Structure formats: C-alpha cells, structure tokens
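The structure appears below as structure tokens.
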Amino acid sequence: MGMLIRGAAVLTMEKPESLLPNGEIIVEGQYITHVGPAGSVSPERTFDRVIDARGMLAMPGFVNCHTHAAMTLFRGYADDLPLMQWLQEKIWPVEERLEPEDVYWGTMLCCLEMIRSGTTTFADMYFHMDEAARAVEKAGLRASLSRGMIGLSPGAGEALDYSRRFIRDWHGQAGGRITTMLGPHAPYTCPPDFLHRVMEVAADLKVGIHIHIAETRAEIEEIRQKYGKTPVVLMDEVGLFEFPVLAAHCVHLDENDIRILAEKKVGIAHNPESNMKLASGIAPVTRLLAAGALVGLGTDGAASNNNVDMMEEMRSAALLQKVATMDPTALAAFDALSMATANGARVLGLHDVGLLKPGYKADIILINLDQPHFYPRHDLVAHLVYAARSADVETVIIDGQVVMEKRQVLTMDEEEVYHEVQKRSQRLVGTDL
Ligand SMILES: CSC[C@H]1O[C@@H](n2cnc3c(O)ncnc32)[C@H](O)[C@@H]1O
Ligand SMILES: [Zn+2]
C-alpha cells in the first residue's frame with residue numbers, strides 16, 4: 001500500500017522551476033512511484049502510512065561525493081596544517097593504530113551526523129571497510145565504499161586482495177544500498193605499475209575507481225618532477241579514465257586537464273571546505289562546468305573540514321566560486337543545489353538517485369520551513385543554499401525507510417555512539433577533554 005507524503009512544497013530538482021507549492025509523493029518499497037500536485041492522488045486510495053508534511057519542503061537527500069567517514073575519530077585533533085604535513089606528521093601515525101571496531105564506531109558517528117544534516121548517500125574511502133559497511137547497513141544510509149590503498153606501502157598487495165574480496169562480499173548488499181569501488185589513494189602514493197594492477201581488478205569486477213587527484217601544488221610539482229606531466233595527464237595516459245572514475249579535489253588544473261576530465265566523463269568531487277582549511281587552493285568549478293565536466297560536492301573527512309554538513313558545503317561552494325571569479329553570477333543557487341543532489345548521484349554512477357521522480361529511489365528529506373530565516377518566501381532554492389541550516393532537516397527517508405523522524409534518528413542509539421567514539425578517540429590520539 002505504501003507511504004503518502006502530503007502537504008509539502010516539493011522540489012524535484014529536475015529543473016529550477018520544478019517546484020510544487022503543495023505536492024503529494026507516493027513511496028512504494030524502495031521507490032518513488034508518484035509525484036504530483038495536491039489532489040493528484042485518489043482520496044479512495046489507502047496507505048500504510050501518511051506523513052502530514054504541511055510547513056515542510058520535500059527534496060532529494062544530499063549526496064556527499066567524497067569523505068573518509070571514520071575520520072570523525074580525528075575531528076579537532078590536527079588542525080591548521082597543510083595537507084602533506086597534516087597527513088605525514090599527524091594523521092598517518094594515528095591511523096596505524098586503528099582497530100576494525102574503531103572504524104565501525106567512527107563511521108556510525110559520521111552516519112549519525114549525515115542523517116541529522118540531510119545526507120542520504122555518501123562515497124567513502126578508508127581502511128577496515130567491512131566495519132564501515134556494517135555501520136552503513138545498520139545506519140540505513142546509501143553508500144559507495146572503497147578500501148583505500150597506498151600503492152607505495154609494503155601492504156599494497158594485501159590491500160588490493162582485501163579490496164577484491166570486499167567488493168565481492170559487499171557490492172549490492174543492504175538491499176542494494178551499498179555499492180563498491182576500488183580506492184587507490186592518489187597519483188603520488190600509487191605509481192603507474194600499481195594502478196595497472198588496480199585497473200585489472202576494476203575490469204574483472206566491473207567497478208569504478210575512487211582516487212584523490214590534483215589536490216595541492218606540492219602534488220603537481222612532485223608528479224611533474226617524476227613524470228614530466230600533470231597528474232590528470234598521467235592518470236589519462238595510464239588508462240585510468242577508461243574506467244568510471246570518481247576524482248576527489250581536482251583543484252590545480254590547466255585547460256588541457258579540464259578538457260580531458262570533461263571528455264573522459266570523470267566524476268569530480270569538489271570539497272571546498274577541506275580545500276580552504278588545508279589551504280590547498282580553489283578548484284576551477286565554473287570552468288569545469290563550462291567545459292561540460294560532471295561535478296558533485298563532498299566534505300572530505302571530518303578531520304579536515306571539520307564536519308560532514310552538506311548544507312554548509314553547498315553554501316561554501318557557491319560563495320567561493322563567486323569570490324574566486326569576482327563574478328556574483330558564478331555557481332548560482334540551483335547549480336550548487338544540483339551538485340549536492342542530482343549531479344552528485346551521477347558522479348557516483350547512481351542513475352536512479354538524486355531526483356524526486358517516479359522510478360527513482362525514495363531518498364527524501366523534509367525541511368521545516370516554519371522558521372524566521374525562510375521568510376519572506378521569494379525563492380526557496382536561494383533560501384536552501386544561502387539561508388538554510390542542517391538543523392532544519394526534520395525527517396529523512398532513505399530507500400523508502402524513515403531513518404529520522406522529528407529529528408529523532410531511529411536506526412541507532414546516539415548515546416552509545418558518543419560513548420564508543422569518545423573512548424576510542426582517546427585511545428587513538430591520547431587526549432581527554
Ligand atoms: C588510504 S585511505 C584514505 C587516506 O586518505 C587520507 N586523507 C584524508 N583526507 C585526505 C586528503 O584531503 N587528501 C589526501 N588524503 C587524505 C586519509 O587520512 C587516509 O589515510
Ligand atoms: Zn579525501
């Protein structure tokens with residue numbers, strides 16, 4: 001019989017003008033089966049559940065295209081450093097101490113924070129991914145998971161074996177909510193011979209590849225000195241872009257790099273807040289979009305952001321492009337919102353996610369509009385990007401299941417998550433606040 005959501009303003013995200021002031025949405029199983037104006041559903045029809053969403057806005061949940069979920073464990077541990085110093089002196093030493101259960105609880109905390117801020121799908125690259133997958137299954141999110149691999153490390157072969165087994169075990173699990181990718185970390189940690197081994201597995205298992213590319217000037221310089229080309233050209237020549245690729249960052253690009261990324265349909269995860277905090281630079285998003293590249297939005301890990309709030313990220317993305325180009329029309333509100341929803345889903349290769357439309361997965365968030373910062377109601381899209389806060393998200397539905405209702409997360413015990421994370425992060429980084 002399904003679920004009816006009625007009375008909400010409905011932003012389908014198909015076009016800027018596709019806003020129903022008073023809409024009706026039917027969810028059956030995992031899917032949306034109807035979206036229409038008030039009165040479009042027969043009054044005779046009965047439902048298992050009716051959600052009265054008057055005063056709310058219904059829209060697709062956010063898609064976070066790049067994070068390291070369990071890095072919530074290291075939030076606030078190492079701040080105000082450049083990327084390489086941050087990684088080499090602070091993060092990699094403490095990651096050596098990670099136990100599988102740490103990743104479970106760190107990922108649970110990230111899932112909790114994501115649900116409470118309206119994210120319904122995310123792409124993750126980290127270690128101990130069986131535990132990350134268990135957390136995603138329990139929390140109820142949709143995720144594309146990859147075991148991160150440092151090709152230069154002595155454990156690279158083992159990491160690739162783990163990835164192969166992980167993909168076989170988890171791809172399509174949790175009712176299809178979990179998909180998988182291969183996760184070679186970056187061109188500066190994964191040389192071409194290792195990437196060739198990764199591509200063999202990608203071809204065999206028919207999965208995509210999640211990698212950091214062109215994040216800092218230091219990376220551009222290191223790759224130029226070693227190979228005499230840019231990271232994007234190197235990855236293209238290695239053959240990586242013959243596979244579906246999710247490329248995080250893409251900050252330092254020349255015109256040729258932009259052309260390659262657009263032509264090869266590389267999915268780009270733009271992470272403006274992490275790029276600002278690590279002072280990595282400003283990605284040329286407006287030029288990428290003008291060239292026809294596919295760009296979504298990510299937060300990166302909570303140790304370099306320091307949260308996983310996609311509403312904040314969307315606002316930062318829009319403001320940053322305006323100031324970088326000195327053009328207030330750059331990355332207009334609807335384009336920023338598309339990056340955070342429909343285009344993010346395309347970046348992850350999820351073709352039935354990111355729109356409120358029959359046949360799409362029922363990943364829906366309800367935002368409480370009865371608040372001072374949503375008045376006057378000139379333009380709801382602008383309000384969502386420039387005025388909304390994550391605490392305005394009232395209800396979250398993922399894959400047809402209500403996972404948060406009236407700001408109560410239903411899939412986990414919040415206190416237990418806080419307790420476990422506090423205990424484990426103290427052991428890992430040795431601080432007790
Ligand atoms: C091999 S698992 C992922 C690996 O990436 C590290 N990491 C986190 N944030 C970034 C970033 O912005 N650039 C490069 N690498 C990053 C994380 O700590 C893990 O070691
Ligand atoms: Zn990252």
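Using N, Cα and C of the backbone, Cβ positions are placed for all residues, glycine too.
Zn(2+) is bound by His66, His68, His212 in TrEMBL, and the record lists one more residue there from Asp130, Asp300, Asp309, Asp327, which is Asp300. The most densely surrounded of the binding-site residues His66, Arg147, His185, judged by C-beta neighbours within 10 angstroms, is His66. Note on proximity: of the binding-site residues His66, His68, His212, Asp300, the one nearest Arg147 (substrate binding site) is His68, by Cα distance.
Listed in sequence order, the binding-site residues among His66, His68, Arg147, His212 whose CB lies under 6 angstroms from an atom of ligand 1 come out as His68, His212. The binding-site residues in question are Glu95, Glu215, Asp300, and the one with the fewest Cβ neighbours inside 10 Å is Glu95. Checking each of the binding-site residues His66, His68, His212, Asp300 against His185 (substrate binding site) by C-alpha distance, the shortest gap belongs to His212.
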